[in-house]
Amino acid sequence: MDQSNRYANLNLKESDLIAGGRHVLCAYIMKPKAGFGNFVETAAHFAAESSTGTNVEVSTTDDFTRGVDALVYEVDEAKELMKIAYPIELFDRNVIDGRAMIASFLTLTIGNNQGMGDVEYAKMHDFYVPPAYLRLFDGPSTTIKDLWRVLGRPVVDGGFIVGTIIKPKLGLRPQPFADACYDFWLGGDFIKNDEPQGNQVFAPFKDTVRAVNDAMRRAQDATGQPKLFSFNITADDHYEMLARGEYILETFGENADHVAFLVDGYVAGPAAVTTARRAFPKQYLHYHRAGHGAVTSPQSKRGYTAFVLSKMARLQGASGIHVGTMGYGKMEGEASDRDSAFMITQDSAEGPYFKQEWLGMNPTTPIISGGMNALRMPGFFANLGHSNLIMTAGGGAFGHIDGGAAGARSLRQAEQCWKQGADPVAFAKDHREFARAFESFPNDADKLYPNWRNMLKLAAA
């Protein structure tokens, strides 16, 4: 059934929709399936299925219902682009406080429409939230400024937080795990659980928490510097998340502000993120996105992009989210990952299709991880344009030839190299840990700095 007369209005202007402030706007790349309707007809059916309609006209529809239809307002068939305006009245709100929820946003904008028989594929690439709806989201309660404050740094441009992920990701018992933390903390700032680490039979959660607390205290005594740890509290059960978080805070006592809470936000979903955000508003909320590539990968033509995921994370209240390495690490990514980092940190930012005004909502920190080491960092910082972020290098720290502490120092020296605008190989001559990174990661060194062996007078590794 052609529903374009009801669910498409190509005379609507985007500027008018934004000025009106009553619609969420979404941009999709969409292709109709062969043998079904044309582009506009398929887009209209998509809008119907995403809002007030179905595949037929139903007798219960009234004038009010038609007033909250989602409308296709722009198409470009050559670019496979369609834009849809969703009235904000369509979105579910909490009974307890009237707040908005990402679960409802996803259900409408990227729900049943992903399985429509007449759609070959459809992927959301950007969305716009009007002020009236944006104010209903929690947003972050803590930011990187809170971590800088704990570390004793300026709260403006406090700089690079040098972090790691204890490797191997599974298989360490509590004391060896804590020993690795201590080693890294002698040179670094921040350690996070890897996403599957929790309460394995060989590493009971409470034993690990106590061991890490002891390691943090010893490292702080040894260095005279504060340290940070991000604990995974992800669980299927809301009460399990609360129990984990409360035990951590009780154990760390006066160092509770040195602890972040990590949630696997993609696999556990918006409910888990909101549980952490609301139950523990004083803690830095670390959004890990494990599994997201199933829908966000450039190879996937359905779902939504990593940019969209990052934007949703800020609305939900993530203090920080992993945003990729912009093509500098081992994980799939592109230089355009920079757009995600920019969108979640600025108060006004241009996306691929929409400019978003955040109205003072706290920023979300870009967290960088996945195959990074000191040799890759100067180019990464140059691409991003600043170093106000958290970087968690697992192999990049513990793969250093002189161990985790030296690996941490090499990462910190990489930031210094970039800030000074120095040639990395020349800089290495006076910075031992950075120089030893060339020997630790010779394949990267050969690729990025072909003459390093002669310049540093080092033998082939």
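Quick reminder: no glycine exception, Cβ is built from N, Cα and C everywhere.
Feature list (source: Swiss-Prot):
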- Asn112, Lys169, Arg289, His322, Ser369: substrate binding site (BINDING)
- Lys167: active site, proton acceptor (ACT_SITE)
- Lys192: N6-carboxylysine (MOD_RES)
- Lys192, Asp194, Glu195: Mg(2+) binding site (BINDING)
- His288: active site, proton acceptor (ACT_SITE)
- Lys330: site 'Transition state stabilizer' (SITE)
Practice prompt. Would you mind reading off the Cα separation of the residue listed as 'N6-carboxylysine' from Arg289 (substrate binding site), to the nearest angstrom?
Written response: 14
Worksheet entry | Secondary structure of Asp194 (Mg(2+) binding site) (DSSP, helix/strand/coil) | coil
Worksheet item: Which one of these recorded positions, Lys169, Lys192, His288, Arg289, His322, has the sparsest Cβ neighbourhood, judged by other Cβ atoms within 10 angstroms?
Response: Lys169
Worksheet item: Rounded to the nearest angstrom, how far is the Cα of Glu195 (Mg(2+) binding site) from the Cα of Arg289 (substrate binding site)?
Response: 9
Fill in: Nearest of the recorded positions (Lys167, Asp194, Glu195, His288) to His322 (substrate binding site), judged by Cα-Cα distance
His288
Discussion item. By the count of other Cβ atoms within 10 Å, pick out the sparsest of the binding-site residues Asn112, Ser369.
Written reply: Asn112
Discussion item. Need the DSSP three-state call for Asn112 (substrate binding site) to compare against my parser.
Written reply: helix
Worksheet entry | Cα-to-Cα gap, Glu195 (Mg(2+) binding site) vs Ser369 (substrate binding site), nearest whole Å | 12
Fill in: Rounded inter-Cα distance in Å - Lys167 (active site, proton acceptor), Asp194 (Mg(2+) binding site)
8
